[in-house]
Amino acid sequence: MRRIIPAISLLLASTACTTTGVAVAPETREPTMIAPILTTPDALDASTYAKPQEARVTHVALDLALDFGAKRVGGTAALDILAAPNASEVILDALGLEILRVTDGKGRELGWRMGASEGEKGAPLTIDLVDAAGARTDHVEIQYRAGADAEALQWLRPEQTAGKVHPYLFSQGQAILNRSWIPTQDSPGIRQTWEARITAPKPLDVVMSGIIQGEPEDLGDGRRAFRFVMDKPVAPYLIAIAAGDIDFAPVGSRTGVWAEPATLARARAEVGDTEEMVEAAEALYGPYRWGRYDMIVLPPAFPYGGMENPVMTFLTPTFIAGDRSNNGLVAHELAHSWSGNLVTNAVWGDSWLNEGVTSYFENRIVEAVYGSKRAKQEVALDYMAILETLDEVGRDAPGTALHQPDGTESAGSAIIYNKGAAFLRTLEKETGRERFDAWLRQWFDKHAFQPATSDMIYADLKANLAGSDAEAERLKLKEWIYYPGLPDNVATPDPAAFATVDAASAAYAKDGIRPAGWETWTSAERQRFLKNLPRKLDAAELAQLDDRLGLSASGNNEELFLWLELAMANRYQPAVPQVEKFLGHVGRTKFVRPLFQALWNQGDWGRPIAKRIYAETRETYHSVTQGAVDRLMAKE
Ligand code: BES
Ligand code: ZN
């Protein structure tokens, strides 16, 4: 009699394998490292069609050509599947993919069906694991093309690059965009190893979020092939690609930066502390487990400040200020090598596990590398943002809880990032740095290369940090993770952090005295002053401020942005051309959306300006930024 093994124990049984230090040859078919999947109800990802308990992807092998003329990617995706004995099909996520043919890799056709598409979730792509003759396979090969408007991908015209000569391509997978160019199970709890062969026209170089294998192969037809391997199981949103006229400059022995030739020197100078940051991070929470840590500074259309793609952080060029003052960004993306990439939120409603833990970790790196004054100032700015959000949406709004159950939407990044970090900072203060650091380190070690949920961290904190129910109560663990608002044991920022600036702000509010020490202030201090300014200012006042503080000439985009936002909120006509110029080349959602919002809020004055600018700039933005601006303009 055949013993029936439940799918679950089958999947978990096969995970008894090492997760680090094993080099996987690209041609290896056997999945050697499979991280377990979680099956508790809180780990069910509503944004995937996959049924990983029945059949799950363990390895993805891509063989793709980049077609800059058609702005399309196409080729094959070969997937290794781990299936329960009775599973007859595997379900993948697909968004706008054009499927041409599916085989078992030995020439036998496999049946497949594309289901109905549901908005950004896309459609289920179901593939039969049993062929017409009844033979089973654990390997499927999909010939396909990504859609011409694949949401993850942005194809830049040469004018959108610094060099202005060659086109450029980059991808942004988080959260659920990678299904627009890779047919796989696009869920953060379903980790996969991967490899890729990518061909691109000369002289473009290709980088990915995996380790490059040797020199590119010249194909003799004006194209070259690049090979990459990621031998550690990663969440599929972390597969990323960029291609363009780019060069590399080393920073340290395992760190370096890619950028367009015209940007490379400035980029290299700005990220000069990266090796030191990696060392600081390792000293805090254990070894960096990914081998190299490289970065790429993309063209300004990139929709985020940074994206933690493994071994290849993607960065906006707008963080370059010339004085490393925005390098918290690099610390942040680096910290994700532990919180996010090593231990990953199983569902997007727990993204505080990625972003909140990372924001805390980021600040510890900043403290180690740049000192506690700067670290404390950044904490104080973050704290102010939490209070602003709570004031705006109310302290009992469900969106202000860290854990967002299915169907609720977070009140924004001040909650997921800043409240998340404030939680850990509170625990640090209450339990002592040494104990807290030991706890966080064991959390990373214990869950390395695995998904995690709020329930898991709650249980772990109770058992391994609090140690008793009474202590868990005292720390208000449950309240912090599951309830809206801000628990009253929150560690508040050092009131001295901005003493100088806040005195200057008060003097300005009272007597209109513009600050004297501006030139010597840190960027955080300047940002604090700009945020403290009265929200209503007249044109004469704005002109004087600009004249005195040189705001519109700022080389720091965070400061420039705060100035432009304030100017638009006050209908300050002289700043409109600069806003137009800024929005004409910067695609970073964090800047673009609020600038359009500030204009939009100004009804008869601002809306025509916003519409006129957006008509010109929309096509220069990534789908993420387009979506954000489309939504705000759809509101009355
Ligand atoms: N992983 C995020 C970017 C992201 C978040 C993309 C959610 C898609 C969905 C990245 O690490 C990040 O947080 N970037 C910030 C950096 C900042 C907090 C230092 C950004 O882009 O502004
Ligand atoms: Zn982040």
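Every residue gets a Cβ built from N, Cα and C, even glycine.
The following features are taken from TrEMBL:
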- E333: active site, proton acceptor (ACT_SITE)
- Y417: active site, proton donor (ACT_SITE)
- Q172, G173, Q174, P303, Y304, G305, G306, M307, E308, R588, T589, K590: peptide binding site (BINDING)
- H332, H336, E355: Zn(2+) binding site (BINDING)
- 492-633: domain 'Peptidase M1 leukotriene A4 hydrolase/aminopeptidase C-terminal' (DOMAIN)
- 1-25: signal peptide (SIGNAL)
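Each of the recorded positions Y304, Y417 was scored by how many other Cβ atoms lie within 10 Å of its Cβ, and the smallest score goes to Y304. In three-state terms derived from DSSP, G306 (peptide binding site) belongs to an extended strand segment. Cα of G306 (peptide binding site) to Cα of E333 (active site, proton acceptor): a distance of 7 Å. Close to the recorded Zn(2+) site, the chain also has G306, E308, E333, A335, S339, G340, N354, T358, S359, F361, E362, Y417: residues not among H332, H336, E355 whose Cβ is within 8 Å of the site's Cβ mean position. When the recorded positions Y304, E333, T589 are compared by Cα distance to E355 (Zn(2+) binding site), the shortest distance belongs to E333. Here is what falls inside 10 Å of the CA of the residue listed as 'active site, proton acceptor' among the recorded positions Q172, Q174, Y304, E308, Y417, T589: E308.
Summarising model confidence by region, the domain 'Peptidase M1 leukotriene A4 hydrolase/aminopeptidase C-terminal' (492-633) averages a pLDDT of 96. H332 (Zn(2+) binding site) has its Cα within 10 Å of the Cα of none of the recorded positions Q172, Q174, Y304, Y417, T589. For ligand 2, there are no nearby recorded positions; that is, of Q174, G306, Y417, none has a C-beta under 6 Å from one of its atoms. Mapped onto DSSP helix, strand and coil, the domain 'Peptidase M1 leukotriene A4 hydrolase/aminopeptidase C-terminal' (492-633) counts 112 helix, 0 strand, 30 coil. Listed in sequence order, the residues of the same chain lying 6 or more apart from Q174 (peptide binding site) and placing their CB within less than 8 Å of its CB are Y237, L238, M307. Spatially close to E308 (peptide binding site) yet at least six residues away along the chain are L238, H332, E333, L334, H336, S337, G340, N341, T358, judged by Cβ distances under 8 angstroms. Fewest other C-beta atoms within 10 Å: among the binding-site residues Q172, T589, that description fits T589. Q172 (peptide binding site) is 19 Å away from Y417 (active site, proton donor) when you measure Cα to Cα. Summarising the peptide site geometry, the residues cited as binding it (Q172, G173, Q174, P303, Y304, G305, G306, M307, E308, R588, T589, K590) extend over a maximum Cα to Cα distance of 17 Å. Around G306 (peptide binding site), a 10 Å sphere centred on its CB holds 23 further CB atoms from the protein chains shown.
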